[in-house]
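Annotated features in TrEMBL:
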- 20-377: domain 'Major facilitator superfamily (MFS) profile' (DOMAIN)
- 113-131: transmembrane segment (TRANSMEM)
- 143-162: transmembrane segment (TRANSMEM)
- 168-187: transmembrane segment (TRANSMEM)
- 199-222: transmembrane segment (TRANSMEM)
- 228-246: transmembrane segment (TRANSMEM)
- 306-324: transmembrane segment (TRANSMEM)
- 344-371: transmembrane segment (TRANSMEM)
Amino acid sequence: MEYESVLKEIGGFGRVQKAIFLALSFTSFKAVLDLELMVLTLHESKFRCAQQNSSDYVAQNYSEHCRISRLVGDDTNFTLINETCTKFDYQHGDVISKSMVEEYDLVCDRKHYATGMMSVFFLGCALGMLFGTLGDKIGRKKILIVCGVTDLITTILPAFMPTAETQIFARFLKGFPAAVYYQGLLIMEEMTEEKHRAVLGNLYWLFWCVGYMFSGVVVYIFKEWDKIQLFSTVFCLNYIVIFIVVPESPRWLVLKGRVEEAVDVLKRIAKWNGIKWEHKVSKVKMWRKNQQETSWTSPLLSSSNLAMFAMCYFVLNVLLNGAVEIPSSFIGWLGSDRYGRKYTTVIITVLSGFCLIAVPIVPTGGVYNIVKAVVAM
């Protein structure tokens with residue numbers, strides 16, 4: 001309670017906490033943009049064998065042709081031989097004019113490469129979140145810095161990969177910075193008064209919804225996957241703000257015995273909030289003696305469970321799914337405020353599970369199509 005009273009004295013949720021909240025929550029915008037842009041740039045257009053442009057080959061329309069027939073012999077005596085396509089023509093006219101599928105010919109017997117990119121990305125996310133647990137040992141801010149620098153490098157890297165195999169490796173590395181937005185949430189909650197944490201913990205993800213919707217706009221404007229990839233590095237500029245403005249968690253500093261550093265951080269927060277705070281090192285030290293050095297997160301939000309959530313979460317529809325998550329943030333806030341975060345999380349997750357089970361059970365046709373769409377949303 002001593003720590004809570006200190007947070008209240010320095011402003012609870014003053015202007016500096018609000019500025020830090022905006023900077024840190026924007027990391028979720030970048031995170032979902034990385035995911036959705038990869039999904040969209042793996043779009044598969046209709047295709048046909050490129051050999052059909054040569055003589056002796058039977059012409060094909062655009063569909064999903066993995067084999068082509070070749071005429072052997074003359075006009076009166078010929079045989080049709082089926083051959084495997086070695087190169088492909090792709091039908092342009094979709095919103096995206098050059099996808100990774102076209103760049104690396106990820107069709108037919110190479111289709112598994114596209115699935116592999118998604119799988120290794122989520123594996124990278126899971127390992128990145130495990131790395132994030134080191135924040136309890138080395139500090140929250142250090143994790144933010146490492147993940148931020150890694151995010152910048154791995155956002156640029158995929159645009160220059162020459163083969164599908166190297167692209168898969170790049171996508172694995174791209175998942176690693178996933179810990180950044182959870183560490184950001186942790187820092188935010190550790191420097192904000194308790195009564196504000198329910199609203200922050202849920203509104204933190206509003207930028208995720210915005211990024212979800214914005215990804216479609218980016219694809220529509222730039223159209224080619226490598227240009228789309230390079231454009232997304234613009235949003236790494238937010239890390240400059242984070243590195244300069246966001247301090248180390250004062251709670252973590254106290255628990256590590258670095259009380260004077262924690263007091264300095266608290267003094268700066270109070271000053272930025274326009275509050276003259278009479279700091280008492282002895283008061284902060286007394287609070288430390290009554291605490292156990294444990295992670296702020298509950299077992300429900302352990303690193304392994306977060307990794308599982310990350311790997312299970314996937315897109316249904318870019319624009320509508322992004323929009324429908326906006327009211328969910330407010331529902332989560334109100335539920336957390338009234339019933340607590342644990343029960344609200346469990347109830348909403350179980351409800352989602354029932355809906356996922358119900359989607360294939362609901363019949364198709366007529367009004368059932370509307371019911372199926374509502375259940376899916």
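Using N, Cα and C of the backbone, Cβ positions are placed for all residues, glycine too.
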- Note on the structure: Maximum Cβ pairs under 8 Å to the transmembrane segment (143-162) among 113-131, 168-187, 199-222, 228-246, 344-371 is reached by 168-187
- Cβ under 8 Å to the transmembrane segment (228-246), counting only same-chain residues 6 or more beyond its ends: which ones? 19-20, 23-24, 26-27, 29-30, 33-34, 37, 40-41, 141, 144-145, 148-149, 151-152, 155-156, 158-159, 184, 187, 218-219, 222
